[in-house]
Amino acid sequence: TMAPVSDPSSFSSLSKCATKHLNLIYHVDFDRQVLKGKVALTVEVLEDKFDSLTLDSKDLKIFKVSANGQAVQFALGTKHKFKGSPLEITLPFELSRGQHVIVEIEYETSPSATALQWLTPKQTAGKKHPYLFSQCQAIHCRTMVPCQDTPSVKHTYYAQVSVPRELVALMSALRDGQEPDPSDSNRVIYRFRQPVPMPAYLIAIVVGALESREIGPRSRVWSEKEYVDEAAFEFSETETMLKTAESLAGPYVWGQYDLLVLPPSFPYGGMENPCLTFVTPTNHISVIAHEISHSWTGNLVTNRTWEHFWLNEGHTVYIERMIARCMESEQLRQFEGIGGWKELQESVKEFGPNNVLTNLVTNLHEVDTDEAFSSVPYEKGFALLYHLEELMGGPEVFMGFVKSYIQLFAYGSVTTEEWKNYLFTYFKDKVDILNKVDWNGWMHTPGMPPVKPQYDTTMADACTALCQRWAKEEDLASFTEADVKKLNSPQLIEFVALLLQEEPLPLSHVKKMQEVYQLNSVKNTEVRFRWLRICVRAHWEEAVPLALKMATEQGRMKFTRPLFREVYNFSKYSDEAVKTFKEHRAALHPVTAMMVAKDLKIDG
C-alpha cells in the first residue's frame, strides 16, 4: 500500500478514505450552459471512527448530500483562489476501516466551470449545433464533479448522459449503449463504463454533432462531419502505433482507443483521456504517438501529485520517441531529442533560469498548476531518461527498465522517490554509476540540466547550416527555394525553431526568405507559428494581422500565448494585441484566456 499522501493541490481527505467508483448522471443543458448532475461515490474507509470527509469542489451548486441513502449535513468551506471550496460532509454514523459508504450528491455546475467549454453553433465547423467539451487536467475535475480531485486516488466509473437527440455524447470510457430519455422525448441518454481504475483528471465528456469512422480493429475517429474523412486519413497509422507501443511497454489495457478531433479552441495539442484521446485539428503525428504512450505512463502509472508531473510526461516523451525509432529510425529519435532540448531552453528562458518552476520536481504549495505548466517536465524529464539510457547501456537496456517500472506500478500512482528506488533496484549491478549522477542537479535545481546529452546531429546538421547562412547575413542572392526542398517536414520545423533562437533577422532578410521559400503559404501549424513569430520579431508589419489571426482562430496555448506575446512586444502594436485579445476573450477557453491575460499584463 502507498504511504499516506498529502497533495498540495487538493482539499480532499486522502488519509481518511479513498473513492473506489463513481456513478454519474448528467443532464446537459446548453441553454443555461450547465451540467445538472447527480454523482454517487463509493468510498472505502481507511481509518476507524470515520464520521466525516472532505471532497474537492469549485463553483458547484450543491443541492443535497446523502450517505447510504440518508440525508446528511454538508457545508462548503471558504473559497480558495484556484483550489475551489472544500465540500465538508458530516455523517450521522461512524464507520471503521475497510467499510464502504455510498455518498450521493445532487448538484449543478456553473456556466464558468473551468473544466468545460461551451461553444455556440457559430464556433463549430457545422454552424448548426452547440458543442461542449471538457478538459480536467490538472485540477479542473472539481468544477464538473465533487470528488477527490487528486491523482493519488484511482477509481472506476459509470455514467449516463442526457443530451438533445440530434447530438452525440462521448466520454473517456467504453460506450455502453443509448436509449430515448424517458423524461423528455427530444433527448437521448448515452451510457458509459470505465472498468479500469483511473484518477479524476481523466474523466472527460464531449457533446456535439459528432460522426465517426473506423480506423482500426479497436479504433474509431470522431469529429464533426466536416472533418471526419480527413481525420480518418490523417490518423490511419493509429493501430500500427498502438502495436508498436505494446511491443515496447506491454499490453494495452483500455480496450478501445478512439480519437476525437476537437474544434480549434481546445487549449492543448492533445489530452490522453482513456479510450478517447482528444486532439486538435493542428495535429502532428508525434502528438498521437505521445497520447498513445500516455496509455501506459500517466493513465496506467500515474504521478502521485502534480509535483511529480515529470513522471507522467518525461516517460511519455521517452516512449513516444521510442515509437519514432521503431517506426522510422534512430536518427529521427536523435533529431527529436535535439528539438526537445531547444524547447527546454526556450522554457527556461521564459521562466528565468532561477525560477523554481523550472525544477524537474516542483513545489506546488499555493501554486496554480495551470501557471506551473510548461515543457520542463516533458523535456527535462526526457533528457534525464536519455542520460540514464546512455549510462545504463543503450535504448534496449533502458526500455527494459521502463517496461518493468510500468508493469510494477500499473494501476497505482508513484512519487519520484519510488521511481528512483526502483531504478536502483532494477540496475543493482550498476549502482556505482547511478550514484555518480547529480540527482540534486537534475531534480531539485532550477535552469538547464547539469549534463547535456550527446545527440546524433545527422538530421539536424542541414537545419543548422541553413540557419547559420541566414544568421551570417550572407549575400541574399545565394538563397534559392532548393534550400528548403531538401528538408523534410520535421527539419523545416527545426530550421524555423533555430532561427527563433538567433538574434532577430533584419527585415530585408525575412522578406527575402518569404520570396524564396514562400513560408506564408505553408499549412503545417508548427512551421507557420514559428515563421509568424520570426516576422513579427523582425517588425514586418504585414505579419501582425496574420499572427493575431492565428492566435485567435485556434486556441492551442502552445501557439496562442507566444503569438500574442510576440505582437505585444512589438511596441507599436502592443495596444492592438490587447484589443484583439479583449475582442476574442469570450470565445477563448477559460484557461487560455486566463494565461493570455497574464502574458499581456491585463488584470481581472
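Including glycine, each Cβ sits where the backbone N, Cα and C put it.
Taken straight from TrEMBL:
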type     : residues                                                                                       : note
BINDING  : GLN135, CYS136, GLN137, PRO267, TYR268, GLY269, GLY270, MET271, GLU272, ARG556, MET557, LYS558 : peptide binding site
BINDING  : HIS290, HIS294, GLU313                                                                         : Zn(2+) binding site
ACT_SITE : GLU291                                                                                         : active site, proton acceptor
ACT_SITE : TYR378                                                                                         : active site, proton donor
DOMAIN   : 458-600                                                                                        : domain 'Peptidase M1 leukotriene A4 hydrolase/aminopeptidase C-terminal'
For this session: Consider the recorded positions GLN135, GLU272, GLU291, TYR378 and say which one has the Cα lying nearest the Cα of GLU313 (Zn(2+) binding site).
Result: TYR378
Problem set entry | CB within-chain contacts under 8 A for GLN135 (peptide binding site), separation at least 6 | ALA115, GLN117, ALA204, PHE266, PRO267, TYR268, MET271, PHE278, HIS589, VAL591
Seminar exercise, completed: Here the Cα-Cα span from GLN137 (peptide binding site) to the residue listed as 'active site, proton acceptor', rounded to a whole number of angstrom, reaches 14
For this session: Provide the number of Cβ atoms within 10 Å of the Cβ of the residue listed as 'active site, proton acceptor', excluding the reference atom itself.
Result: 25
For this session: Could you tell me the mean pLDDT over the domain 'Peptidase M1 leukotriene A4 hydrolase/aminopeptidase C-terminal' (458-600), as a whole number?
Result: 92
Problem set entry | Chain-internal residues near HIS290 (Zn(2+) binding site), provided their CB is under 8 angstroms and they sit 6+ positions away | GLY269, GLY270, THR316, VAL317, GLU320
Exercise. Rounded to the nearest angstrom, how far is the Cα of the residue listed as 'active site, proton acceptor' from the Cα of MET557 (peptide binding site)?
Worked result: 17
Problem set entry | Maximum Cα-Cα separation (Å), residues GLN135, CYS136, GLN137, PRO267, TYR268, GLY269, GLY270, MET271, GLU272, ARG556, MET557, LYS558 listed as binding peptide | 18
Exercise. What's the CA to CA span in angstrom from the residue listed as 'active site, proton donor' over to HIS294 (Zn(2+) binding site)?
Worked result: 12
Problem set entry | Whole-number Å value for how far GLU272 (peptide binding site) lies from the residue listed as 'active site, proton acceptor' (Cα to Cα) | 5
Exercise. Can you tell me how far the Cα of HIS294 (Zn(2+) binding site) sits from the Cα of GLU272 (peptide binding site), in Å?
Worked result: 6
Exercise. Using an 8 Å cut-off from the Cβ centroid of HIS290, HIS294, GLU313, can you name the remaining same-chain residues around the Zn(2+) site, in sequence order?
Worked result: GLU272, GLU291, SER293, THR297, GLY298, ASN312, THR316, VAL317, GLU320, TYR378
Exercise. So, by DSSP, how many helix, strand and coil residues make up the domain 'Peptidase M1 leukotriene A4 hydrolase/aminopeptidase C-terminal' (458-600)?
Worked result: 112 helix, 0 strand, 31 coil
